[in-house]
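Okay, so here's the structure we're looking at.
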């Protein structure tokens, strides 16, 4: 040992052995840096491919094809009795207005089958748009107005280029006859595309042109509110107690180990727990955000406790001691000084825990939130679904037009996640104190 | 701030307790069950909700077995009213139901679903017999009167008329109802084409089923998960692969995929409807009669589902890919369903 040191010192830094060794160490470092760089590049490329495929498929979900038709709001159809009764106006056959307009445009089309095909150019949801127009403005009755109606999903897919016109007729969902009609409409400038606001205001639907994510967004909102209200106070209280008040003994050690383990438990286990406690034992309603929120709260709790404890531990002891020295009780020291100072860290942890909960589907499977729910939920006990579940359901639907809806919904979900995480970063940067 | 959060937490807890009492009264139909019937059931639910008289029913996709399990847990209003199934209810399930008080069940047959074998349009369509399907996919096949591990690696090994490509079939996993039906209708039918297995089916039914239902595990059959869209995408990418899925996915992707003929019959809407195509199954839903009258709208929902504009020949369900029953059968199903005729298992 001593010889070696002497040798290195004696023969100096220029010795051949030393230079060789140095070159070897430098090579090793270069290799390490290169692998590190490669790892990051691979990750970035994969992320890029993922984002590209989602955006390239999903951007068209925010656009919708419309067909403008001259709709005659015939009094004989909408209000045969002429008394403008609201209930009668509501129940009228508005689909007939669309059908009449189409027949007028293409008077040559005869026969049940051909007419059915013709009518399917327009979404079968168009009647509710007309109903709304009449309810807002009863004076429309008796007039003829050009109205931009939502096109059926096949027309929409064609317009967006997802259906190849050059294929043989048998291989296409849109047949030659329909193409001819559409060409006439196109030539007259009746086919347009516009922003698909329905995507953000409608609930789920089996008709792709009508399906929207509003129901899932509201469901996610209610679910997360419950999750936050339950997991945040309980998590913070637990962390304060464990850090500031609990005596260190075998029991608290055991609790600590268990909390850390819980954070790593697969989420489906929490779903089973939720099913057993909240549905089978407490008899809460199935598929309700309140149950989803409670279940996700169980899942988020360990994350929040761990983050809060770390934040509390980061507050220097001097603050605690100064407060105690000036006569504050332990509780006053904790709530007046430690907690406010650790809040930015706690909130960051909470937001990250919540954004994890936002992307969760597995625990919700067990409590019935993986379901087709058309109505937008109006409260915590209404049946609801959440955004990731909506994505899953659309990805599983046979209709081609749901492919873009799926990617569109993923984009919206990613948007929310980015906003939440950005908020967490802002909070941390703005309020974080360094000692 | 802290007091406020605390107050809210308490309020939430109180609300939780308050809600639990609410679970008993329900104004919305709850449906569970098969993922195959799910697209049709949801379409009816939506049309039913659009009439404006009732809330849109909640439809969960739990799989046929899972749905029946939930359905049979009891008659209190926390249990589902209707369960969808892509196979008939089993007698063991009827027993479980009865044990839990679910004694009156009405069966409604809604239509057919064809199971297709499809491949990419970039290559020629396959023309298979059930026997060839069995030979391609069974774990063990009879050769010289003995069951041996499936030796076929290429389609042409089975029959020289088939293409000279590797056998590569993407299909559903064992938990799927589609797989059950495919095995029962396709493979079992094919197995009977072998004299030895056909004889076995008469002498030892159990051994025959074990042989006919075992799908090979050497990599030629690839379990592709429950998501049929995934199989469709994989078939586009790999033109030599063959996929097994429901007819509605072939119908929606007819520009990229083609169905294989089975026994010389093409899987078209008409051929499945009139029963010529060999691998098709019936779809059902089951109604808990005890809930009729307690949950509003169940009868109306049945009436909507069995109306001509829904499950009729030109109904909106056929647009979603449902293969309708014959006219006489529809008429019978409708009257039986509306009268809540009790289930008869033959």
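Even glycines carry a Cβ here, placed using N, Cα and C.
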- Pick from A:170-192, A:193-215, A:262-284, A:331-353: which range does TrEMBL record as transmembrane segment? A:262-284
- Query: Which residue range, A:221-242, A:375-396, is the one TrEMBL calls transmembrane segment?
  - Reply: A:221-242
- Which one of these stretches, A:12-33, A:34-55, shows up in TrEMBL as transmembrane segment? A:34-55
- Item | Positions whose Cβ lies under 8 angstroms from the transmembrane segment (A:221-242), at least six residues beyond its ends | 252, 255-256, 259, 289-290, 292-294, 296-298, 300-301, 304-305, 308-309, 311-312, 334, 338-339, 346, 350, 353-354, 357-358, 377, 379-380, 384, 386
